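Have a look at the structure that comes next, please.
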C-alpha cells in the first residue's frame, strides 16, 4: 500500500489542476469549427423522407448571416462534414459558436460536442501469454464453421504488403461482411485480400479543422506511412511470420494474438492528429461493416460520459454486440491520468514481458551499469576502447536544456568524440541521440529521471546508445562530474529471455483511480506493452525520425497503444470460441481470470517505484488468455444496466438521451449507486457516512460445467468487515444465473484506499474480482 498511499494523497491536487485547466480555456473559440451533433432519430418530422435531409434543414435553421467570401454557407449540405447512422445518430457540421448554441436548442437535438483532437498512445507476446500456434488453431477450429471474427483497427492505416497480412490458408471473406476496400494513391483494391478484408479512410473532420491534407507528403489512402497502425493491426491479428526481427533483435516467429482473424483498417489519424468527428465516423462505419472487435489505441482528455463522443459511439457499438478495447494512455505514473473510462469500454494498461535487450555501460572506474538498447549500425564504439564521458547538466534541480540534449543545445567543441549523458524528458528519446550525433558525439547514455524510475524502454537509436534507470543514471552523472578524466565503453548484448521479475507494470502506463466514477475500477486489465515486435510500414524508419533512412519489416515499440491490440486480439479468440457471448461477458472473462503475481511468485511490481502495484495501476491484473477462454463464471451487463448506471450518475433526461437515442426511455431507479453495476470488479466508496455499512450485489452466469459448486474467499481488510451471502453458489445448469451480496461494514476508516479481492472457486476455476475500499473525508 506504500505507493498507493502517496498517489491517493495527490487526488485533491490533481482534481484542482483539472478545474484550473478548465478555467483557463479560452472563452471564445475561432469560428467556424466542427461540431458533432447528436440527434434523436425517432423525432424526425414526417415531412422528411431521409435523416440527412432533416440534418441539413436543421443546419440551415440555425445558420448565421452569410459571411463575406464564404460562398458555401448558403448550402447546408456543404457545411455537413459527416452523417452518422449506426453506432451514433446525427452529423458533424461546421458551425460558428453562436450557431452551435442555437443548435443545442433546436428540435430533435440531443447534444452538441465540439471537435477534439486525440493522439496515438504510442514476437514474444503470444508465447508469453501462453498462446502457442497449436492452441490458437484449436480455438479457431472449435468455432462455428460459418463464423469468422473481424477485428477493426482505428489507427494510421495499414501496410498491406507485410507478410503479417498474408491470407494463406484463410477461407473466403465472411458472407456477413459489408465493408469495402477503399482505394487511393498508393492503395488499390488488390491490396485487400482474405486477411485484410476492409480498408477505409476518414479525413473530413481533419480537413474541416486544419485545411486540405498535403497530398505531396501524405497519402490520402488507407496506406500507412506512420507504422503505428500496421504495428497494432499485426499485434492483434497478424499471420505467423518466421524469422522476424528488428536488426536481429527479438528474432523468432512474429504472430498476432488471433492469427486467423480478419482485419479491417480504418485510417483516422493523420500528420496533424486524430479528430473526434473522423473517429466517430469510423466507429459508426465499422459497426455497419460487421466488425466483431474494435481496437482503438487513441485517447485524449477525459470528459463526462455524455460529452465524450468516443464513449457515446462505443456505447452504440456495444449495443450491436461489438467488443471495444481502448488504450488507457501513457501519462503514468501520475495518478488519475487514465483516458477512455467508460465501463462498457475495456481500458488497457501496459506491462513488460520476460524478454529484454541488455546493453552495458562500463565506466572508467570499472563499474558496470546495465541498461537496454536496440542499436545496430555500422557506427559502433569498440568494446575495448574507452571514450571520454560528459554530462552537460549542472547540480541544480532545475532542468538544463543541455542535460536534456534538446535541439541546438549541444556544441561540437564540448561533445565531439565523446559519450554524452542525456536526461530523459521533453523530446523523444531517439531524437536526443540524433542531437548528440549531429554535434559529433560518439555515443549516448540515456538516463531516466524520477518520472520514469527504473523502467527501461529499448529504442532503435541512430548512434551507439544505452538507456539506463534513474539510480544508474545518477551514478553515471556523479562519476562524470567527479572523475579527473571520465570515460566509458558501451556494449550491446542482443536478446535475453527469462527476465525476472515479469511482468511489471510499465511506468508510463496511465493510472487510476477513475475520477469520473470511483466505483468503476480502471484500468480494467494490463497486457504486454513494452518492447513489442510487430509489422512496420515500408514508408517509415524504425526511429520515426525523418533523418533516419533505414527501413525495416518489423519494429519494436512501447506504449499502451501496443497493449490494447493484445487485448483486442485475445477478445477475438474468445469470440471465435464463444460466438454468442456479449462484449461484457468477454470483458468479464478477461478480468476475472487475470493474475496479479509475477514469475517470481510475488505481487506485480510497479516499474516507477519498484514496489507492489495496486488495482489503480494494474486493474484486475495481467490477462491470461487460456483461462479467459474457460472462465467458469462471468458477470454479464446489458444496455439497460448501463443506462441505469448512467441514471445514478445524475445525468439529466437530455444528457441520458445521448445513450438512449430516443426520448421514451426513462430511469427505472433500480440502482442506488454506480457500484450496483454488475461489474467484474468491486470498488466501494464510503462517502457521506464513513462509518456506515455498504452493500453491493453481483450476478454471475455459469458458463462452465452445468452442475458445479463455487465457494467464496475474500481478503481481510483493516478498515472493514466483509460478509458475502451466500458463501456458496450451487449451479445445476448451463447459463444459470445466481446473485450474491457483499456487505462491507467500517470498523476503522482508513486514510488511503485498501486493496484486496473476492474470489469464487469450484476447485478448477478461480473467478477473481478486485475489491477496493475507499473512505472519502467528510465534506
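Keep in mind that glycine also has a Cβ here, set from the backbone N, Cα and C atoms.
Feature table excerpt (TrEMBL):
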SIGNAL    1-30  signal peptide
DOMAIN    147-605  domain 'Peptidase S8/S53'
ACT_SITE  155  active site, charge relay system
ACT_SITE  228  active site, charge relay system
ACT_SITE  561  active site, charge relay system
DOMAIN    676-772  domain 'Subtilisin-like protease fibronectin type-III'
If you measure residue 561 (active site, charge relay system) to residue 155 (active site, charge relay system) at Cα, how many Å is it?
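About 10 Å separates the two Cα atoms.
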Reported as an integer number of Å, what is the Cα distance between residue 155 (active site, charge relay system) and residue 228 (active site, charge relay system)?
7
Counting other Cβ atoms within 10 Å of each residue's Cβ, which of the active-site residues 155, 228, 561 comes out lowest?
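So among 155, 228, 561, the active-site residues given, the one with the fewest Cβ atoms within 10 Å is 228.
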Looking at the domain 'Peptidase S8/S53' (147-605) alone, can you tell me the average pLDDT?
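Average per-residue pLDDT within the domain 'Peptidase S8/S53' (147-605): 93.
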Reported in the order helix, strand, coil, what are the DSSP residue counts of the domain 'Subtilisin-like protease fibronectin type-III' (676-772)?
1 helix, 57 strand, 39 coil
